[in-house]
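Asker: Encoded as structure tokens, here's the structure I'll be asking about.
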Amino acid sequence: MSEAAQLRRGLKPKGKTYGLTNQKRREIREIFDLFDIDGSGSIDASELNVAMRSLGFEMNNQQINELMAEVDKNQSGAIDFDEFVHMMTTKFGERDSIDELSKAFKIIDHDNNGKISPRDIKMIAKELGENFTDNDIEEMIEEADRDKDGEVNLEEFMKMMKRTSYG
């Protein structure tokens, strides 16, 4: 059984726990899977760039590369789940204020209609030089879309992003 399947079933996760409850670790896994666009089980520099911008952090390529070097302890060229957990709990846990999350939401909500649509994600991906498939975008929306209307409103976005606030 894959770790993702174990987490969905509520079994004890493998790897370092950083003092997190199983529930919080599952929530971080959900965010990790959202940003692991290619499903490789790790986040490369390109995916990290998308993740940081989505979280409201405007970072240039040099800053992304520096963050990768700092977080990628095994120097694999990508951030695995344990490294992501460490980054989220030690580096960015305290950064998820309501103002910062609202700013991130507004950046992604290109048409300013109060919802993040597949079109909004396509537009920000284009700005970032990313090329997501429609399936990738659909999966991103489904991760946060609690009312199942096909878009992510501010409340849904806040709930999803606040689940990564452990600092």
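Quick reminder: no glycine exception, Cβ is built from N, Cα and C everywhere.
What Swiss-Prot records for this protein is below:
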- 23-58: domain 'EF-hand 1' (DOMAIN)
- D36, D38, S40, S42, E47: Ca(2+) 1 binding site (BINDING)
- 59-94: domain 'EF-hand 2' (DOMAIN)
- D72, N74, S76, E83: Ca(2+) 2 binding site (BINDING)
- 96-131: domain 'EF-hand 3' (DOMAIN)
- D109, D111, N113, K115, D120: Ca(2+) 3 binding site (BINDING)
- 132-167: domain 'EF-hand 4' (DOMAIN)
- D145, D147, D149, E151, E156: Ca(2+) 4 binding site (BINDING)
Asker: Are there residues at least 6 beyond the ends of the domain 'EF-hand 3' (96-131) whose Cβ is under 8 Å from a Cβ of it, and what are they?
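Answerer: Distal contacts: 37, 46, 49-50, 53-56, 137-138, 140-141, 150-154, 157-158, 161-162, 164-165.
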Asker: Counting distance between Cα atoms, which of the binding-site residues D36, D38, N74, D147 is nearest N113 (Ca(2+) 3 binding site)?
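Answerer: Result for N113 (Ca(2+) 3 binding site): the nearest of the binding-site residues is D147.
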Asker: Give the distance between the Cα atoms of D111 (Ca(2+) 3 binding site) and E83 (Ca(2+) 2 binding site), rounded to the nearest whole Å.
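Answerer: Cα-Cα, rounded: 34 Å.
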Asker: In the same chain, which residues outside the set D72, N74, S76, E83 have their CB within 8 A of the centroid of the CB atoms that define the Ca(2+) 2 site?
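Answerer: Filtered neighbour residues, in order: S42, V71, K73, Q75, G77, A78, I79, D80.
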Asker: Only counting partners 6 or more residues apart, tell me which same-chain residues put their Cβ under 8 Å from the Cβ of S42 (Ca(2+) 1 binding site).
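Answerer: The list for S42 (Ca(2+) 1 binding site) reads D36, S76, A78, I79, D80, F81, given in order along the sequence.
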Asker: DSSP on K115 (Ca(2+) 3 binding site), three-state: which is it?
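Answerer: DSSP assigns K115 (Ca(2+) 3 binding site) to strand.
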